[in-house]
Amino acid sequence: MSTKYESRYASSPQTVKQYDTQELRNEFLIDNLMQNDTINLTYTHYDRYIAGSAVPTSSPLTLETIDPLKSEYFLERRELGIINVGGTGSVTVDGTVYELGLKDALYVGMGNKDVVFASDDASNPAQFYLNSAPAHTNYPTKKVSKAEANKIELGTLETANHRTVNQMIIGGIVTTCQLQMGMTELKTGSVWNTMPAHVHNRRMEVYLYIDIPQDQAVCHFMGEPQETRHIWMQNNQAVISPPWSIHSGSGTSNYTFVWGMAGENLDYNDMDVAKITELR
């Protein structure tokens, strides 16, 4: 079977503050992504979100339902966001083919039965990063190239957080039930992401860190603003951020991260900022 999955239950901030390093990593780090010829999925009980990957190498991969969904097919009651972080490939949705280059995105609406991933070149396979959330109705499937993303410049080189936010699967570009996805690229010389940090109790979030050079790493910060913890991240690893947690990071070089979130609303700017001087 080419599909593997695991489930993660939600944890309270009172419990998480007692975790040691390995317990934190076991609960929040997703480190089994981007395996050839495999679809890997992590089902988290935070907003019933799924994060995973599909890397078709020797043959195409079909998105299959998993037992926690108790559904006939994967998107029976769900929507799906895809961002390709590898070689050129395609996603076929109920017979319609969508070509995805590096850092292109695709939104797939609820009710689509057949989703098939393929790579153009097995020696440089597509690496499809997948995010999925529960949905209540069908919205049209839509491709969003990186060039079509809504781009926002934030930060400065002086504060080491100069970055470009690429909003891709988001209101104004794609209509979704609750899923939002995009990608933030740090400029050379900048290492901090999402600083000042924030929380948004209305939504959970997952980060996938990419473009981390070999022998470099990113220190991801999580936890309540007054009770922070850290998880060291390598390239192509993801981390789950509960609604009550900050989600920020600092790298030993610049890097990119793909963000995805779901929850109470679709207001990207709905967040509670934590002052830098008050973080603990």
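Heads up, the Cβ atoms here are built off N, Cα and C, so glycines get one too.
These figures come from a predicted structure and were not determined experimentally.
Sequence-distant contacts (6 or more apart, same chain, Cβ under 8 Å) of H200 (Zn(2+) binding site) comprise P243, M261, G263, D270, M271, D272. For the recorded site, H200 (Zn(2+) binding site), the DSSP three-state label reads coil. Taken from Swiss-Prot, the feature Zn(2+) binding site applies to H198, H200, E205, H247, supported by sequence analysis.
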* Translate the DSSP assignment of H247 (Zn(2+) binding site) into the three-state scheme. => coil
* Would you list, in sequence order, the residues of this chain other than H198, H200, E205, H247 that have their CB within 8 A of the centroid of the site's CB atoms, where the site is the one recorded for Zn(2+)? => T194, A197, V199, R203, S241, P243, S245, I246, M261, M271
* Give the sequence-ordered list of residues that share a chain with H198 (Zn(2+) binding site), lie 6 or more positions from it, and have CB atoms under 8 Å from its CB. => I246, M271, D272, V273, A274
